[in-house]
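Taken from TrEMBL, the feature domain 'TIR' covers 294-443. Residues or ranges marked as region 'Disordered' in TrEMBL: 463-496. Among the features that TrEMBL reports, repeat 'ANK' is placed at 1-31, 137-169, 170-202, 239-271.
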Amino acid sequence: MTPLHCAVSTGQVDTVRWLLSHGACPNTLAQASFRSNRVPPLFLAEHAEIARELLIHGADPLVIPDPGFMNTMTPLQLAYVGGNYAVAQELEEWGGDVALTPFHLAAARNNVLAVRKFIARKTDIDCLGEMGYVGLNRRTPLHWAAVSGSTEAVHALLKAGADPNFQDSRGRSPLHWAARLNKLEVVRSLIRAGAEPNLTDGEFMTPLMCAASALDGSRELVSELTTAGGDIAYQLPTTGDTALHIAVREENHSSALAALSNGGDLMRMNNEGLRPLDCTASTRLLFELKRAAGQRDVMISYTHSHLEFARKLRQSLEEANITTWLDLMDPSGIGGGAVWREEIARGITNASMVLCILTEDYASSEWCLKELALAKQVGTPILAVSTEGTIVDANLQVYLYTRQIIPFEPAIVGLRHGEGRIEYDYDESRYRSQFHLLLDGVRDEVEKRRYFTKQKNVASSRNLDLDGGGAERGAGSSSRGTMLQTLGDARLSPVS
């Protein structure tokens with residue numbers, strides 16, 4: 001027996017993970033005197049978690065170690081015979097099945113020569129078992145080939161007329177399984193052969209939704225299915241979830257980003273009023289989704305003479321998984337065009353908060369004051385940091401609370417002027433200390449915004465259910481409405 005066999009048989013999960021991560025093969029047969037003991041590690045797994053680790057690392061759920069001799073059962077059959085239903089359920093999720101026919105086994109092993117021999121002998125291309133018997137899961141050889149990722153066998157079966165839309169006992173076609181198990185080349189072959197990308201299984205899942213739930217599902221997998229006509233906006237009739245909801249809930253980063261880039265809607269609500277953004281607690285995934293969708297948690301208000309500090313602050317916030325918008329256009333150079341002002345207005349309106357960088361020239365900037373005025377008007381919270389000991393005068397007191405200003409002066413040890421720009425030298429240790437004070441407040445505002453939006457949407461969803469739920473649930477509108485007012489319309493306090 002290999003070390004992996006020993007670790008699996010004794011239930012040592014951490015050791016199994018370590019061995020697999022260091023290259024142990026999950027399909028190696030044990031060397032034993034008795035044929036009945038010549039099995040791969042998966043046959044020895046008595047814990048679902050260990051079975052999952054083996055399957056994640058490529059263990060074959062359809063393996064029959066010694067067909068025609070001692071070991072003629074699959075891992076799923078062994079689990080059922082032993083009453084280990086937890087392991088059996090895990091195997092089912094990975095396409096496990098009971099032993100069916102030599103034709104099925106040849107397809108799973110990608111034995112194209114054997115597959116062609118069965119085809120030449122006029123074996124039923126979509127056979128479900130031997131001698132009139134139908135297998136437990138009603139799967140064809142094409143299903144087995146799709147589960148195993150046997151691309152050449154898939155080609156041979158499709159060329160011979162195998163039905164790419166044949167549904168098993170769970171309602172899943174070969175395309176469902178290939179998508180669920182991230183078999184990209186098989187997905188491509190099935191689509192070319194006419195597999196239906198919007199076919200639903202017994203749980204109303206489409207192949208695209210199976211791809212969204214696939215562990216480490218590739219972006220190409222989602223793109224192939226949407227390009228073939230897969231409906232990215234389709235919602236499960238039971239829960240209202242979209243493929244994007246599923247990918248985010250499973251925290252499948254690549255699948256979620258692929259679903260988003262192929263038309264997934266971050267604001268689409270399910271039957272509970274939850275958006276995809278509400279389906280995970282992963283700050284990293286939320287950051288990646290918001291950044292990809294162009295949504296920003298924080299809008300920085302600053303004078304362009306202090307661009308260097310604003311960029312440093314943005315970098316620090318984004319390293320902390322806070323999406324941040326920093327407008328790089330200098331208003332003095334573009335004449336304040338209407339399109340630019342509306343972009344600013346939308347940014348302020350949709351942000352969780354505005355972060356104001358108080359410098360000596362801030363209060364004298366008409367645009368900065370307009371940004372604060374608009375934030376106050378639409379109810380976007382304002383936090384501030386100071387860098388030059390700026391006094392909060394009457395104009396700024398309308399928008400800022402002195403006690404909420406985080407001073408960065410202790411972190412600044414030098415100052416340089418040049419071409420209308422001001423740059424600082426920093427004590428990085430003190431900078432990090434002050435930044436963490438700021439970060440606590442920023443995170444509070446971001447989470448508060450997310451929480452209240454979620455609660456509002458859930459309440460709205462419940463009201464719809466009470467009213468009969470006839471209206472289609474779509475993208476939730478902001479609690480502040482659609483803000484099309486430009487900065488030029490924002491009311492300002494008098495500037496002395």
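One-based numbering along the chain as shown.
Cβ coordinates are placed from backbone N, Cα and C, and glycine is handled just like the others.
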Next on the checklist: Checking distant contacts: for the repeat 'ANK' (137-169), what same-chain residues at least six beyond its ends satisfy Cβ-Cβ under 8 A?
Outcome noted: 60-62, 94-95, 97-98, 100-101, 103-112, 115-116, 118-119, 125-128, 175, 177-178, 181, 183, 185-186, 189-190, 193-196, 199, 201-202
Checklist entry - Restricting to the same chain and to residues at least six past its boundaries, which positions have a Cβ under 8 Å from a Cβ of the repeat 'ANK' (239-271)? => result 206, 208-209, 211-223, 226, 232-233, 277, 279-280, 282, 284-285, 288-290, 292-293, 295, 457, 461, 473-476
Checklist entry - Could you give the mean pLDDT over the repeat 'ANK' (170-202), rounded to a whole number? => result 97
